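These features come from TrEMBL:
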type	residues	note
ACT_SITE	35	active site, proton acceptor
ACT_SITE	255	active site, proton acceptor
BINDING	130, 303	substrate binding site
DOMAIN	234-358	domain 'Alanine racemase C-terminal'
MOD_RES	35	N6-(pyridoxal phosphate)lysine
Ligand SMILES: *Cc1c(COP(=O)(O)O)cnc(C)c1O
């Protein structure tokens, strides 16, 4: 069979990025964020590879159960906590560490009868206004939780940056000051930094950092690249040319017929489409690497195929290799053309795409 749509997952690059993060925040322990199947990279594989990670974090309890069932024994933080009282029993059973961010979650843990106590993290809203309790509520929550037999150890504290990728945003200083003040009276461990916090805000590292995207070699800044910041892309999305066609000036290509060639040229057809997770919204001109050379997407992306303008002098042939993003073509650059962020590109790869581990 001809190899077509595939992602290559580079475990050396993953290790390299972890070490880079460790160097950036040498005094902090690392919670490797592997939600969303490790941003499309395979959570079990990533967890098994990152033996040095001090803990992992996911968004949903189902993701955490998959990790435990695969034999991952390290602490797992539930970033949005338990969504119902029953889930607390599962969390206790597997020793997950739920975040608590609203009154219902507090009530649930106070009234539960857990077989074993759990470590909990209190989420404080320091300015993002998505989830979290307000700073003035912290004392009440800490008192209640500290007195509960269902809670083990000190209550930890988390908050989340909303503009840490913007290097001159004053809101990050404000969030940092708010977090420091709200948590100062308490002995619990603190965690504030996502990847942007790790890379750009060294004052914000505290006891635990929570990098996600940087682990995968992608910059948290839309206007930068992981490569430019000393990271290496872990995922490379590749496929193959399945047709090369002569194309006359004035002819259109694909659905809608909007793209029209302005000269005689050759069109390459790639076995890659939105059925693989390549965004249908990618406009003409989005870069693609064919035989290591950058060419432009031409016409609409369809479910199983996309077409590129190889140019009139091109020598590319059926079976030649194509890179959609990753090694040689930063996902950040592709994302900019599409009007999204690389986070969304990597996580949307579908199950049809083959996986190769290198
Ligand atoms: C997803 C997430 C992270 C990781 O963010 P990156 O930008 O990918 O580093 C950290 N903390 C929380 C609460 C998250 O939801």
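Just so you know, the numbers here start at 1 and follow the chain as drawn.
Glycine too: its Cβ is placed from the backbone N, Cα and C atoms.
Unlike curated entries, TrEMBL annotations are predicted automatically.
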Shortest C-alpha distance to residue 35 (active site, proton acceptor) - which of the recorded positions 130, 255, 303: 130
Inter-residue Cα distance where the pair is residue 255 (active site, proton acceptor) and residue 130 (substrate binding site), in Å: 39
For the domain 'Alanine racemase C-terminal' (234-358), mean pLDDT (0 to 100): 98
Integer Cα-Cα distance in angstrom, residue 255 (active site, proton acceptor) to residue 303 (substrate binding site): 11
Tally of DSSP helical, extended and coil residues in the domain 'Alanine racemase C-terminal' (234-358): 17 helix, 47 strand, 61 coil
Where residue 35 (active site, proton acceptor) falls in three-state DSSP terms: helix
Chain-internal residues near residue 303 (substrate binding site), provided their CB is under 8 angstroms and they sit 6+ positions away: 273, 274, 275
